[in-house]
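Annotated features in TrEMBL:
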- 108, 109, 110, 111, 112, 113, 114: ATP binding site (BINDING)
- 21-91: domain 'Mur ligase N-terminal catalytic' (DOMAIN)
- 106-303: domain 'Mur ligase central' (DOMAIN)
- 325-453: domain 'Mur ligase C-terminal' (DOMAIN)
- 214: N6-carboxylysine (MOD_RES)
């Protein structure tokens, strides 16, 4: 692509733009190939401007950056925001790929992944081609690939959209992704807000800042775009008011008679009655938890606005099997039930345990831990919730995240002392904590393991497993005890 055409969205004022063909865009100097443009981004740990010379040596023919730079042997164009520039440049380079799809962006503290999977399932089962970009995995043109982040970099994302031949794209959009402008250059046809609660306060200065980052997604709507918002959440109510004041079309879901999609009732057999446009109907949700009913309402509202009919939506939910690492149930023939879940926020944990405690059980045993350097303000809240619902608690390690093991164990001990509770046990190795629970659990006990869900372990734990689910299956297999899921 010609450099002049590529630079158009940046409104470069100089007329001295050389006639150069750009072969690619990169923001990591070690990935540069001859003929590429290098976009220097000031990161949290590294500054891309320090790698400009390396990029040039590797073949970069043009550099874009935020800082004034001297002694550069290739054309340099200064921009106000490197991250924004990367998104806009990537969009142009890949020929504005989001405009070829019906784009759905889903944000919120909890429920993004499950809502995304539900909507993806509804669309696919109705023979509508759909790309899914999520925390757990990506599905493009019917092919699954691993996911590196909830929201990929803007360069990766624009390339993924250009590869996709699917009509619909459903993607999770994190507050980090919005704050770091990873969805720059994308126009969304639908934006969804699931909820907001205590999370990422190690990154955002407070909940208002966190909310404002989430709200940025709703500035990315196309001219005919629509927003879908959960009115059961106080932050959702705030967003609804803001959007309506700005003249943005809003469709709400929740328990109020004023909602466009109103939940009328839920039954223990997972039959849910709703009202849409004055018509009442029911759908069966085969996965547990009232919070998953809310996730379903979000997916249903989007599906209805897309133009899908009610019978098709009802039928699709009958075959929805859930998401890896979200209320993932495993049982052995000793009648001990293990449940793996991603719940890693106070609100998410409370909703998850509220669902589990309704199942008949002898004891509820909870295994969970914390990540080093990550939002320590939520730890006491989560322990309070766990002690309220659970009979036994095993505190363990999630990811050290560069914190020394001894320091992390000391932090766990200090937390346990605050509660002065005999039902708290500390086992720093996560796999051995699961093994301990397995060995001591009795018939009709529930062992719930939260915090990581589908995620791979980052620490070298003792047992030769990579996830919580793998650990459970390894223990069952080693004891020659069959497992059912």
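The backbone N, Cα and C atoms fix where each Cβ goes, glycine too.
Automatic prediction, not curation, is the source of TrEMBL annotations.
Feature map: annotations from TrEMBL on the structure.
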{"residue": "108", "record": "ATP binding site", "Cβ within 10 Å": "28"}
{"residue": "109", "record": "ATP binding site", "Cβ within 10 Å": "24"}
{"residue": "110", "record": "ATP binding site", "Cβ within 10 Å": "24"}
{"residue": "111", "record": "ATP binding site", "Cβ within 10 Å": "27"}
{"residue": "112", "record": "ATP binding site", "Cβ within 10 Å": "26"}
{"residue": "113", "record": "ATP binding site", "Cβ within 10 Å": "25"}
{"residue": "114", "record": "ATP binding site", "Cβ within 10 Å": "28"}
{"residue": "214", "record": "N6-carboxylysine", "Cβ within 10 Å": "23"}
Integer Cα-Cα distance in angstrom, residue 113 (ATP binding site) to residue 214 (N6-carboxylysine): 15
The residue listed as 'N6-carboxylysine': secondary structure state under DSSP, collapsed to three categories: helix
Tally of DSSP helical, extended and coil residues in the domain 'Mur ligase C-terminal' (325-453): 51 helix, 31 strand, 47 coil
108, 109, 110, 111, 112, 113, 114 excluded, remaining Cβ within 8 Å of their centroid (ATP): 106, 115, 172, 194, 195, 295, 348
Model confidence over the domain 'Mur ligase N-terminal catalytic' (21-91) (mean pLDDT, whole number): 96
The domain 'Mur ligase N-terminal catalytic' (21-91) - residue tally per DSSP class, helix then strand then coil: 23 helix, 17 strand, 31 coil
Residue among binding-site residues 108, 109, 110, 112 with Cα closest to the Cα of the residue listed as 'N6-carboxylysine': 108
Where residue 108 (ATP binding site) sits in the secondary structure, as DSSP reduces it to three classes: coil
